[in-house]
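Enquirer: The structure follows.
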(Lines of atoms letter the chains of each structure in order from A and count residues from 1; the text may use other names and numbers.)
(Lines give C-alpha, C1' and ligand atoms only; values in the text may rest on other atoms or scores of the structure.)
Protein backbone atom coordinates (compact mmCIF):
# COMPACT_ATOMS: atom_id res chain seq x y z
CA UNK A 1 0.00 0.00 0.00
CA UNK A 2 1.34 3.42 -0.95
CA UNK A 3 2.16 5.61 2.03
CA UNK A 4 -0.03 8.66 2.67
CA UNK A 5 2.03 11.87 2.87
CA UNK A 6 1.75 14.08 5.95
CA UNK A 7 2.27 17.82 6.25
CA UNK A 8 2.05 20.41 8.99
CA UNK A 9 -0.03 23.41 7.87
CA UNK A 10 0.72 26.49 9.99
CA UNK A 11 -1.47 29.44 9.09
CA UNK A 12 -4.69 31.25 9.97
CA UNK A 13 -8.07 29.66 10.59
CA UNK A 14 -11.55 31.14 10.29
CA UNK A 15 -14.62 29.66 11.93
CA UNK A 16 -16.90 30.83 9.13
CA UNK A 17 -15.83 30.66 5.51
CA UNK A 18 -12.57 29.73 3.87
CA UNK A 19 -9.20 31.39 4.33
CA UNK A 20 -5.83 30.09 5.49
CA UNK A 21 -6.12 26.55 6.81
CA UNK A 22 -9.88 26.75 6.33
CA UNK A 23 -9.21 27.03 2.59
CA UNK A 24 -6.28 24.63 2.33
CA UNK A 25 -6.67 21.71 4.73
CA UNK A 26 -9.82 20.07 3.36
CA UNK A 27 -8.68 20.23 -0.30
CA UNK A 28 -5.28 18.76 0.63
CA UNK A 29 -6.98 15.95 2.52
CA UNK A 30 -9.46 15.41 -0.30
CA UNK A 31 -6.66 14.67 -2.77
CA UNK A 32 -4.89 12.28 -0.43
CA UNK A 33 -2.55 14.18 1.89
CA UNK A 34 -2.90 14.04 5.66
CA UNK A 35 -2.75 17.70 6.70
CA UNK A 36 -2.10 18.59 10.33
CA UNK A 37 -3.55 22.08 10.93
CA UNK A 38 -1.78 24.37 13.39
CA UNK A 39 -3.68 27.64 13.43
CA UNK A 40 -1.69 30.86 13.91
CA UNK A 41 -4.89 32.83 14.48
CA UNK A 42 -8.49 31.86 15.06
CA UNK A 43 -10.89 34.48 13.76
CA UNK A 44 -14.64 34.38 13.35
CA UNK A 45 -14.25 35.20 9.64
CA UNK A 46 -11.62 36.61 7.29
CA UNK A 47 -10.62 40.23 7.76
CA UNK A 48 -11.93 41.49 4.43
CA UNK A 49 -15.42 41.55 5.92
CA UNK A 50 -14.16 44.60 7.80
CA UNK A 51 -14.94 43.21 11.25
CA UNK A 52 -14.05 40.02 13.02
CA UNK A 53 -13.52 38.47 16.44
CA UNK A 54 -10.79 36.15 17.65
CA UNK A 55 -7.20 36.09 18.72
CA UNK A 56 -3.64 35.35 17.68
CA UNK A 57 -1.97 32.16 18.91
CA UNK A 58 0.78 32.82 21.44
CA UNK A 59 4.13 32.17 19.68
CA UNK A 60 5.23 29.80 22.46
CA UNK A 61 2.38 27.47 21.54
CA UNK A 62 3.97 26.61 18.18
CA UNK A 63 7.10 24.86 19.55
CA UNK A 64 4.98 23.35 22.33
CA UNK A 65 2.63 21.75 19.81
CA UNK A 66 5.54 20.56 17.65
CA UNK A 67 7.12 19.09 20.78
CA UNK A 68 3.87 17.32 21.59
CA UNK A 69 3.87 15.66 18.17
CA UNK A 70 7.49 14.65 18.71
CA UNK A 71 6.69 13.16 22.11
CA UNK A 72 4.27 10.67 20.57
CA UNK A 73 6.83 9.65 17.94
CA UNK A 74 5.09 11.16 14.92
CA UNK A 75 7.26 14.14 13.98
CA UNK A 76 9.52 12.08 11.73
CA UNK A 77 6.48 11.21 9.59
CA UNK A 78 6.01 14.86 8.63
CA UNK A 79 6.96 15.29 4.97
CA UNK A 80 6.48 19.04 4.69
CA UNK A 81 5.61 22.26 6.47
CA UNK A 82 3.36 24.91 4.95
CA UNK A 83 3.22 28.38 6.46
CA UNK A 84 0.91 31.23 5.51
CA UNK A 85 -0.67 34.14 7.36
CA UNK A 86 1.26 35.08 10.50
CA UNK A 87 -0.08 37.10 13.41
CA UNK A 88 3.40 38.23 14.46
CA UNK A 89 7.08 37.96 13.54
CA UNK A 90 7.59 35.94 16.72
CA UNK A 91 5.24 33.33 15.30
CA UNK A 92 7.35 33.26 12.15
CA UNK A 93 10.55 32.59 14.07
CA UNK A 94 8.80 29.85 16.02
CA UNK A 95 7.75 28.29 12.71
CA UNK A 96 11.32 28.37 11.39
CA UNK A 97 12.46 26.63 14.58
CA UNK A 98 9.77 24.01 13.97
CA UNK A 99 10.94 23.54 10.38
CA UNK A 100 14.49 23.03 11.64
CA UNK A 101 13.25 20.51 14.18
CA UNK A 102 11.32 18.56 11.56
CA UNK A 103 14.19 18.57 9.07
CA UNK A 104 16.47 17.21 11.78
CA UNK A 105 14.34 14.05 11.98
CA UNK A 106 13.32 14.01 8.30
CA UNK A 107 15.96 15.71 6.12
CA UNK A 108 13.79 15.23 3.02
CA UNK A 109 10.95 17.32 4.46
CA UNK A 110 10.02 20.40 2.41
CA UNK A 111 9.12 23.86 3.65
CA UNK A 112 6.68 25.93 1.59
CA UNK A 113 6.41 29.56 2.63
CA UNK A 114 3.38 31.51 1.42
CA UNK A 115 4.68 34.99 2.33
CA UNK A 116 1.41 36.76 3.16
CA UNK A 117 2.27 40.45 3.46
CA UNK A 118 -1.26 41.79 3.43
CA UNK A 119 -3.18 44.11 1.17
CA UNK A 120 -4.55 47.08 3.17
CA UNK A 121 -6.74 48.22 0.26
CA UNK A 122 -8.56 44.88 0.44
CA UNK A 123 -8.74 44.81 4.22
CA UNK A 124 -5.97 42.22 4.68
CA UNK A 125 -3.83 43.62 7.47
CA UNK A 126 -0.41 42.20 8.40
CA UNK A 127 1.86 43.80 11.03
CA UNK A 128 4.92 45.54 9.48
CA UNK A 129 7.34 43.32 11.40
CA UNK A 130 5.81 40.27 9.70
CA UNK A 131 6.70 41.61 6.26
CA UNK A 132 10.23 42.35 7.49
CA UNK A 133 10.54 38.81 8.85
CA UNK A 134 9.38 37.31 5.56
CA UNK A 135 11.81 39.43 3.56
CA UNK A 136 14.81 38.99 5.83
CA UNK A 137 14.46 35.49 7.30
CA UNK A 138 11.76 33.22 5.88
CA UNK A 139 12.80 33.30 2.21
CA UNK A 140 16.25 31.94 3.02
CA UNK A 141 14.76 28.91 4.79
CA UNK A 142 12.00 28.02 2.31
CA UNK A 143 12.33 25.24 -0.25
CA UNK A 144 9.26 26.57 -2.06
CA UNK A 145 8.30 30.25 -2.05
CA UNK A 146 4.80 31.23 -3.21
CA UNK A 147 4.43 35.01 -3.49
CA UNK A 148 1.77 36.90 -5.38
CA UNK A 149 2.76 39.87 -7.55
CA UNK A 150 2.67 42.35 -4.68
CA UNK A 151 4.87 40.11 -2.57
CA UNK A 152 7.27 39.42 -5.45
CA UNK A 153 7.65 43.18 -5.92
CA UNK A 154 8.23 43.62 -2.18
CA UNK A 155 10.91 40.93 -2.09
CA UNK A 156 12.74 42.56 -5.00
CA UNK A 157 12.21 46.18 -3.99
CA UNK A 158 10.67 47.27 -7.28
CA UNK A 159 7.58 46.80 -9.46
CA UNK A 160 7.73 44.30 -12.30
CA UNK A 161 7.21 45.84 -15.74
CA UNK A 162 6.85 42.74 -17.93
CA UNK A 163 6.63 38.95 -17.89
CA UNK A 164 10.37 38.74 -18.49
CA UNK A 165 10.88 41.07 -15.56
CA UNK A 166 8.80 38.76 -13.35
CA UNK A 167 10.90 35.77 -14.41
CA UNK A 168 14.13 37.57 -13.61
CA UNK A 169 12.79 38.74 -10.26
CA UNK A 170 11.70 35.20 -9.36
CA UNK A 171 15.13 33.90 -10.36
CA UNK A 172 16.72 36.42 -8.04
CA UNK A 173 14.72 34.92 -5.18
CA UNK A 174 16.18 31.48 -5.93
CA UNK A 175 19.56 32.90 -4.99
CA UNK A 176 18.27 33.40 -1.44
CA UNK A 177 17.67 29.67 -0.96
CA UNK A 178 14.39 28.29 -2.41
CA UNK A 179 14.40 25.47 -4.97
CA UNK A 180 11.33 26.87 -6.71
CA UNK A 181 9.29 30.06 -6.82
CA UNK A 182 5.59 29.88 -7.67
CA UNK A 183 4.10 33.30 -8.38
CA UNK A 184 0.42 32.66 -7.71
CA UNK A 185 -0.93 35.68 -9.57
CA UNK A 186 0.91 37.88 -12.07
CA UNK A 187 -0.15 41.53 -12.40
CA UNK A 188 2.49 43.18 -14.59
CA UNK A 189 1.65 46.08 -16.96
CA UNK A 190 0.38 45.10 -20.41
CA UNK A 191 -0.89 41.65 -19.51
CA UNK A 192 -4.15 40.35 -20.97
CA UNK A 193 -6.91 41.62 -18.69
CA UNK A 194 -9.20 38.65 -19.38
CA UNK A 195 -6.57 36.11 -18.31
CA UNK A 196 -5.32 34.98 -14.90
CA UNK A 197 -1.58 34.34 -15.16
CA UNK A 198 0.82 32.35 -13.00
CA UNK A 199 4.55 31.68 -13.11
CA UNK A 200 6.75 28.79 -11.97
CA UNK A 201 10.52 29.24 -11.84
CA UNK A 202 13.29 26.80 -10.96
CA UNK A 203 17.04 27.06 -11.44
CA UNK A 204 16.73 25.31 -14.82
CA UNK A 205 13.37 26.36 -16.28
CA UNK A 206 10.50 28.83 -16.17
CA UNK A 207 6.86 28.06 -17.02
CA UNK A 208 4.00 30.47 -17.66
CA UNK A 209 0.35 29.46 -17.33
CA UNK A 210 -2.85 31.25 -18.28
CA UNK A 211 -6.44 30.43 -17.37
CA UNK A 212 -9.63 32.46 -17.83
CA UNK A 213 -10.15 35.24 -15.29
CA UNK A 214 -13.61 34.76 -13.81
CA UNK A 215 -15.66 37.80 -12.83
CA UNK A 216 -17.03 38.24 -9.30
CA UNK A 217 -18.81 41.17 -7.64
CA UNK A 218 -16.32 40.69 -4.79
CA UNK A 219 -13.25 38.53 -5.32
CA UNK A 220 -13.34 35.45 -3.06
CA UNK A 221 -10.71 35.23 -0.36
CA UNK A 222 -8.50 32.18 0.17
CA UNK A 223 -7.57 31.46 -3.45
CA UNK A 224 -3.88 31.92 -2.72
CA UNK A 225 -4.08 29.66 0.33
CA UNK A 226 -5.84 27.01 -1.74
CA UNK A 227 -3.20 27.35 -4.46
CA UNK A 228 -0.23 26.93 -2.13
CA UNK A 229 -1.79 23.98 -0.35
CA UNK A 230 -2.72 22.07 -3.49
CA UNK A 231 0.68 22.68 -5.09
CA UNK A 232 2.54 21.32 -2.07
CA UNK A 233 0.14 18.39 -1.73
CA UNK A 234 0.61 17.35 -5.35
CA UNK A 235 4.39 17.53 -5.00
CA UNK A 236 4.17 15.22 -1.97
CA UNK A 237 2.00 12.86 -4.01
CA UNK A 238 4.80 12.52 -6.56
CA UNK A 239 4.11 15.17 -9.19
CA UNK A 240 6.96 17.05 -10.82
CA UNK A 241 7.00 20.82 -10.22
CA UNK A 242 5.25 21.51 -13.51
CA UNK A 243 2.71 18.70 -13.08
CA UNK A 244 1.77 20.09 -9.67
CA UNK A 245 1.59 23.57 -11.21
CA UNK A 246 -0.84 22.47 -13.93
CA UNK A 247 -2.99 20.39 -11.58
CA UNK A 248 -3.25 23.25 -9.10
CA UNK A 249 -4.34 25.75 -11.75
CA UNK A 250 -7.06 23.37 -12.96
CA UNK A 251 -8.36 22.47 -9.50
CA UNK A 252 -8.48 26.09 -8.35
CA UNK A 253 -10.32 27.04 -11.53
CA UNK A 254 -12.90 24.34 -10.84
CA UNK A 255 -13.48 25.77 -7.35
CA UNK A 256 -13.90 29.26 -8.78
CA UNK A 257 -16.36 28.03 -11.41
CA UNK A 258 -18.52 26.49 -8.68
CA UNK A 259 -18.18 29.60 -6.52
CA UNK A 260 -19.24 31.80 -9.42
CA UNK A 261 -22.19 29.54 -10.23
CA UNK A 262 -23.38 29.85 -6.63
CA UNK A 263 -22.91 33.64 -6.61
CA UNK A 264 -20.94 33.17 -3.40
CA UNK A 265 -18.33 35.37 -1.73
CA UNK A 266 -16.88 32.28 -0.02
CA UNK A 267 -15.09 29.51 -1.91
CA UNK A 268 -17.38 26.55 -2.54
CA UNK A 269 -14.90 23.86 -1.53
CA UNK A 270 -17.40 21.24 -0.41
CA UNK A 271 -19.54 21.54 -3.53
CA UNK A 272 -16.43 21.43 -5.73
CA UNK A 273 -14.60 18.65 -3.89
CA UNK A 274 -14.88 16.03 -6.63
CA UNK A 275 -13.62 18.53 -9.19
CA UNK A 276 -10.71 19.40 -6.91
CA UNK A 277 -9.70 15.74 -6.87
CA UNK A 278 -10.42 15.21 -10.57
CA UNK A 279 -10.44 18.50 -12.50
CA UNK A 280 -12.34 18.39 -15.78
CA UNK A 281 -10.30 21.21 -17.28
CA UNK A 282 -6.58 21.33 -18.03
CA UNK A 283 -4.27 24.27 -18.54
CA UNK A 284 -0.89 23.60 -20.10
CA UNK A 285 2.09 25.48 -18.72
CA UNK A 286 4.28 26.99 -21.43
CA UNK A 287 8.03 26.58 -21.11
CA UNK A 288 9.59 30.02 -21.48
CA UNK A 289 12.74 30.67 -23.48
CA UNK A 290 13.82 33.50 -21.21
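Positions of Cβ are set from backbone N, Cα and C atoms, glycine also.
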Enquirer: If Swiss-Prot says 12, 47, 48 bind substrate, which of 153, 165, 225 does it name for the same site?
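Expert: Checking 153, 165, 225 against Swiss-Prot: the substrate site match is 225.
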Enquirer: So Swiss-Prot lists 114, 184, 211, 212, 213, 214 for ATP; which of 90, 137, 151, 164 goes with them?
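Expert: For ATP, Swiss-Prot names 114, 184, 211, 212, 213, 214; of 90, 137, 151, 164, the listed one is 151.
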Enquirer: Select the most exposed residue of 184, 211, where exposure means the fewest other Cβ atoms within 10 Å, treating these as the binding-site residues.
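Expert: Selected from the binding-site residues 184, 211 on minimum Cβ neighbours within 10 Å: 211.
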Enquirer: Taking the residues 12, 47, 48, 225, which the record names as binding substrate, find the longest CA to CA distance and state it in Å to the nearest whole number.
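Expert: So the binding residues stretch over 15 Å, Cα to Cα.
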Enquirer: Restricting to the chain of residue 12 (substrate binding site) and a gap of 6 or more, list residues whose Cβ falls under 8 Å of its Cβ, or answer none.
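Expert: For residue 12 (substrate binding site), the qualifying residues are 19, 20, 21, 22, 39, 40, 41, 42, 43, 84, 85, 87.
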Enquirer: If you compare CA-to-CA distances from residue 184 (ATP binding site) to each of the binding-site residues 47, 48, 225, which comes out shortest?
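Expert: Sorting the binding-site residues by distance from residue 184 (ATP binding site), the top entry is 225.
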Enquirer: Please report the number of other Cβ atoms within 10 Å of the Cβ of residue 225 (substrate binding site).
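Expert: I get 30 for this one.
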Enquirer: Work out how many Å separate residue 211 (ATP binding site) and residue 47 (substrate binding site) at their Cα atoms, rounded off.
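Expert: Computed Cα spacing between residue 211 (ATP binding site) and residue 47 (substrate binding site) is 27 Å.
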